[in-house]
Amino acid sequence: MQRERMSKKKISQVHCIPSGDHILMTASSSKHIPHIRFYKAWKGNNRFCCGGRLIFGPDVSSLYLTSFLIGAPALTFCIRMLVWIKRGDPFFNYTVLASGFILTLLDFTFLMLTSARDPGIIPRNKTSMILEDDSDSSLTQSMEWVNNKTPNLKIPRTKDVFVNGYTIKVKFCDTCLLYRPPRASHCSICNNCVQRFDHHCPWVGQCIARRNYPFFICFISSSTLLCIYVFVFSWINLIRQPGKLWRTMSDDIVSVILIVYTFVAVWFVGGLTIFHFYLMSTNQTTYENFRYRYDKKENPYKRGLLKNVKEVLFAKIPPSQLDLRAMVPEEDDMTIASNDSEYESEYTSSVRYDTEMGGKLIKRDSPRKLPLPTRNLDDIKDISDNYDRSTTTREDASDRDPSFFSSQLDLPK
């Protein structure tokens with residue numbers, strides 16, 4: 001009888017898997033649990049390729065359209081240049097052909113570097129710390145609580161930090177269970193909090209943020225140059241032909257189509273390039289540009305033209321906080337649900353409020369306490385201390401990117 005009772009009991013174990021600067025804690029039975037790659041247990045909406053080595057957004061299929069819009073006219077131009085080579089002046093035409101091919105190759109390279117890499121996703125908080133009403137009075141500084149439906153848990157929805165002498169409010173993300181660092185935002189399409197979030201680009205199928213923004217700048221710049229290149233040399237090929245221009249155009253319809261196509265395209269991609277060069281020169285993101293314009297606030301990240309450009313284009317890209325090929329237990333009790341089922345998490349309140357998904361309320365039958373990720377409050381406080389300095393030392397303090405502040409933990413291979 002005693003052995004039977006012992007066999008019925010399940011001895012629980014805790015598995016701790018570091019993910020970036022977060023620790024995944026999962027409760028499981030003592031029996032062997034199969035492990036899977038971390039990207040297979042991913043709770044966001046991203047799609048993966050090559051065993052988790054490449055990460056895309058949920059709308060990655062738009063890459064086919066973007067590749068076609070770039071590749072089709074570029075290939076047509078190259079084929080047309082081969083025809084012109086046979087008609088004479090091979091050195092000039094070969095040079096134009098080789099330069100166009102290299103520019104197209106660079107454009108596709110920057111497209112993949114933008115779309116197929118981690119844009120700066122902040123790992124979701126997997127630790128839970130339940131606070132009662134009187135457990136920690138230092139966190140009850142706001143009249144607006146995350147737990148507006150959970151009276152036993154008090155979490156201030158916003159925290160004030162100081163960046164370059166300006167007060168910045170950092171918000172609590174109810175989906176990722178963490179306080180977002182300055183300049184970070186939650187992408188409702190990918191369902192992730194992202195460092196220095198600029199926007200979600202449907203043309204590349206990925207968030208544009210801290211770790212891929214320089215490549216995005218190079219991508220749209222090379223696309224603009226490619227449009228101008230094809231436009232100019234298509235005109236040159238028409239002008240170089242003997243006879244009247246209108247007759248030459250009627251005989252070379254392909255070049256005319258390329259001229260019209262690139263003329264229309266350059267207004268879109270060129271305008272986007274100019275806009276982002278303006279954002280880069282003022283050290284703003286697209287999200288901040290519209291927000292500051294609406295709120296009529298001053299940009300706290302301005303450092304001067306040269307320093308702004310250096311920070312955006314030439315600063316060292318921080319390593320990813322994700323190790324998507326790490327092995328994690330297949331059964332994870334402390335799951336944070338994805339966008340489609342985020343309100344079915346094992347750790348949620350009877351009515352959960354999501355600030356990022358439009359404040360949707362979903363009721364559950366059994367009320368549970370919401371896990372509170374307060375570990376990164378100390379990190380955010382460090383940001384406030386580092387940036388609350390005198391004017392003479394602000395430039396030195398602003399050399400570090402406030403959106404990337406946490407230390408990294410190596411995941412098991």
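Here, residue 1 is simply the first one shown, and the rest follow in order.
Keep in mind that glycine also has a Cβ here, set from the backbone N, Cα and C atoms.
Here is what Swiss-Prot records for this protein:
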type	residues	note
ACT_SITE	CYS201	active site, S-palmitoyl cysteine intermediate
COMPBIAS	376-402	compositional bias 'Basic and acidic residues'
COMPBIAS	404-413	compositional bias 'Polar residues'
DOMAIN	171-221	domain 'DHHC'
REGION	364-413	region 'Disordered'
TRANSMEM	65-85	transmembrane segment
TRANSMEM	96-116	transmembrane segment
TRANSMEM	216-236	transmembrane segment
TRANSMEM	255-275	transmembrane segment
Enter the number of other CB atoms within 10 angstroms of the CB of the residue listed as 'active site, S-palmitoyl cysteine intermediate'.
23
If you count Cβ pairs under 8 Å, which stretch among 65-85, 96-116, 255-275 touches the transmembrane segment (216-236) the most?
255-275
Could you tell me what the rest of the chain brings near the transmembrane segment (96-116), counting residues at least six beyond its ends with Cβ under 8 Å?
49, 54-57, 60, 63, 66-67, 70-71, 74, 77-78, 81-82, 85, 201, 204-206, 208, 212, 215-216, 218-219, 222-223, 225-226, 229-230, 233
Do you know the DSSP helix, strand and coil residue counts for the domain 'DHHC' (171-221)?
9 helix, 17 strand, 25 coil
